[in-house]
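Let me begin by presenting the structure, written as structure tokens, before commenting on it.
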Number of protein chains: 2
Amino acid sequence: MNEIKIGLIGFGTIGAGVVKLLDKNGSLLEEKLGTRLFLKKIADLDISTDRGVEVEPGVLTTNVDEVLCDPEIAIVIELIGGYEPARSFVLKAIANGKHIVTANKALLAVHGEEIYAAAEKKGVEVLFEAAVGGGIPVLSSIRGNLAGNNFSTVLGILNGTCNYILTRMTQEGADFAEVLKNAQQLGYAEADPTFDVEGIDTAHKLCLLLSLCFGTRVDLKEVSTEGISSIAAVDINFARDFGYKIKLLAIGKRDGERIEARVHPTMIPVNYPLADVNGVFNGIRLSGDFVGPVMFYGRGAGMEPTASAVIGDVADIARNLVAGISRRSAPLGFGDDKVKNLTIKPMGEITSKYYIRFNAFDRPGVLAKISGALGDNNISIESMMQTARSTNCTVPIVIMTHEAREMDIRKALSVIDTFDVIKEKSNVIRIEDNLE
Amino acid sequence: MNEIKIGLIGFGTIGAGVVKLLDKNGSLLEEKLGTRLFLKKIADLDISTDRGVEVEPGVLTTNVDEVLCDPEIAIVIELIGGYEPARSFVLKAIANGKHIVTANKALLAVHGEEIYAAAEKKGVEVLFEAAVGGGIPVLSSIRGNLAGNNFSTVLGILNGTCNYILTRMTQEGADFAEVLKNAQQLGYAEADPTFDVEGIDTAHKLCLLLSLCFGTRVDLKEVSTEGISSIAAVDINFARDFGYKIKLLAIGKRDGERIEARVHPTMIPVNYPLADVNGVFNGIRLSGDFVGPVMFYGRGAGMEPTASAVIGDVADIARNLVAGISRRSAPLGFGDDKVKNLTIKPMGEITSKYYIRFNAFDRPGVLAKISGALGDNNISIESMMQTARSTNCTVPIVIMTHEAREMDIRKALSVIDTFDVIKEKSNVIRIEDNLE
């Protein structure tokens, strides 16, 4: 096989990265694969904007069917993003017997089951390394060399925008709104940042990680998701005082036939390797029963790292085609008929240590009332910090709890937050410091 | 295919880990692979010692040919270690058409070329993830999802014994000999620790990383190798004062058609993720032209992590066999006929920043003589530190240089170390702080 023909749909930043990579490293890939990867067609509604990369005449088209229906094209790269028309295009490509490489976490988190079933029926591969952690080869490692492990935990810093904001808040002591505004000016955050800062993007990625680690379908709607907009500079300072950093973590844990699936700001000890994942970098820490803890770190987004992951998947499929086979493994690494429906543990049932910042008026007996309500709900206090009286007569009282049940915390706060000595809603951040 | 039969040669700690993994996670692997992995035979000279794992009667044999010549066995796992008889056994297994999975870095670093050629001829796979970084899936990622990258740099903390010793020296301010002795008592260092502490094991692993990253043969004898036995507590303290940690690093760099290949104690900034790879953990940092920097971290040795890597390779081959093919890619990820012979840059030609600790008598004009000799050899000083006079009238003078050529450093020291104001040989540690 001299050449494998590829089609690309969606010619944005990452698409341009793919063109650039094939242009620059095409010969290297040929030395590795024993065949040439040839990008035959690129479909996009806009084929006139200059993407800064050279494309041969005739490659660009506004007619997506020139990719999806070209019998010569063996692999379709989907980089449109979003649900539709990406879903329809991917399903049509599969129906036409094409292998799929995609960076579209939203699509797979929501429509993965339908797409994987269609791919099984046609015996084609669906690979999506670029959907989680940019260029970091974490999904291929879970499907691949780590396959012998039963995973117990997956923790991930998966959104560069959030991590950039939290890193700058940590380094500069600045507040969320201020850093967000600056990040938007610098292009590190979207004009509407909801998708990133409210944890939705991270939740999409967590769904994919959980599916691969545990061989299960995950319903995005059941993933408990909190973003970083409620984190204040004062929380970051208290975290530092207690030896923690605050990161937006995707957390997946196996607990028998149930899993925990949650995304929220989390305090992790400063000496954890994940605490050093700063700025736009991503980090993923897995824990397997044989490999133990293993961490991956790298650029979680951007034109070139994402193109690296996309082409890595294309190369994987190309090796199959060169060897004369079509499909080598199912999308989740488990046989399609082996994928389970593990239940997601309700958030109220999880246990964690907690940081709680109470905003109390500085009156006698405050602490007794708070600690009494915590005690009534089986929450025991590990340490407490109260700083000097502020000018407006309120003081932040910070309590770190021992391991407690989420529903007990919620119950206690529903009581405490109605106390007349409490000025405003308390701020809760979960702590993850008990990793093997 | 209901079952794939495996043979194991060398029933030591890792072999026992393999048995344990197949026993515990065999069903999980079957769900993933669509076939059962069946360990049919284990050959070892000693089949009576209890390894703490259960083996069916008839599985153990002292006759290695019951593994190498059994036509039912498709995959042979080699865990004997060392050069011979491992080499002969592996070649015989290949000649009999068996795929090879090995953890033997020494064997591949020295006899890789012969083994890869034999495997090419027979069309079988040779995989060796367990040879570098224990359970960390770094080699499979280089061959796999990172395949689209031209790598510029690979840095690795690859020897748990050295990293354990350096970590304890750093944490306790203790001297090398003292920590080594304790590490030997605890089983973290061998009775004869030369292989580990002099960097030889790390050099073997570097050879494999270089071969995969750059698609080249590497002659172990040309890898410049220094161990950690010359590191003193005082060097670690100075490093801390300058914002560095000392690690034994394997360093590979591409420079056109030449590569740098060296193993030596290295100062890295404390805020580099590699600086947080402590104790028996390993870390590998790659830099690719598209993925950018990417780091892997995990347990670099031990029964269970290494078994994870071995079985990951077995699973990879099993997926081929289930799909009906024998060989999917060549051992180095490059076509066998594409593997190059890149030249290793002579050590004298490398450039680096340097830490030099001079042991000088505390007399007037010492500094002028030293700095004069450095200047004469084109070495410019970035910073200098001289501590209080010690009781025996010598003072350590520490100089950090700007980027300099190794041969210039050596020339300067050959002059300086003969000065009558110098009490003993100066101590040189290279600095790596210019990573993108």
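Cβ from N, Cα, C; glycine included.
What TrEMBL says about this protein:
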| type | residues | note |
| --- | --- | --- |
| BINDING | A:I9, A:G10, A:F11, A:G12, A:T13, A:I14, A:G15, A:A16 | NADP(+) binding site |
| BINDING | A:K105 | NADPH binding site |
| BINDING | A:E190 | L-homoserine binding site |
| ACT_SITE | A:K205 | active site, proton donor |
| DOMAIN | A:355-430 | domain 'ACT' |
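Feature annotations (TrEMBL) mapped to structure.
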residue	record	Cβ neighbours (10 Å)
A:I9	NADP(+) binding site	25
A:G10	NADP(+) binding site	24
A:F11	NADP(+) binding site	24
A:G12	NADP(+) binding site	15
A:T13	NADP(+) binding site	16
A:I14	NADP(+) binding site	25
A:G15	NADP(+) binding site	26
A:A16	NADP(+) binding site	20
A:E190	L-homoserine binding site	13
A:K205	active site, proton donor	26
Near-site residues: NADP(+), ref A:I9, A:G10, A:F11, A:G12, A:T13, A:I14, A:G15, A:A16, CB cutoff 8 A to centroid: A:L8, A:G17, A:V18, A:D44, A:R51, A:L79
Reduced DSSP assignment, A:I9 (NADP(+) binding site): strand
Other C-beta atoms that fall within 10 angstroms of the C-beta of A:K105 (NADPH binding site): 23
Using Cα positions only, nearest of the recorded positions to A:K105 (NADPH binding site) (A:G12, A:T13, A:K205): A:K205
Integer Å distance between the CA atoms belonging to A:K205 (active site, proton donor) and A:G10 (NADP(+) binding site): 20
Secondary-structure category, per DSSP, in which A:G15 (NADP(+) binding site) falls: helix
Distance from A:E190 (L-homoserine binding site) back to A:G12 (NADP(+) binding site), taken between C-alpha atoms, in Å: 16
The residue listed as 'L-homoserine binding site' to A:T13 (NADP(+) binding site) - Cα separation in whole Å: 15
Overall pLDDT for the domain 'ACT' (A:355-430), taken as the rounded mean: 91
Distance [Cα-Cα, Å, rounded] between A:A16 (NADP(+) binding site) and A:K205 (active site, proton donor): 23
Distance, A:G15 (NADP(+) binding site) to A:K205 (active site, proton donor) (CA atoms, angstrom): 20
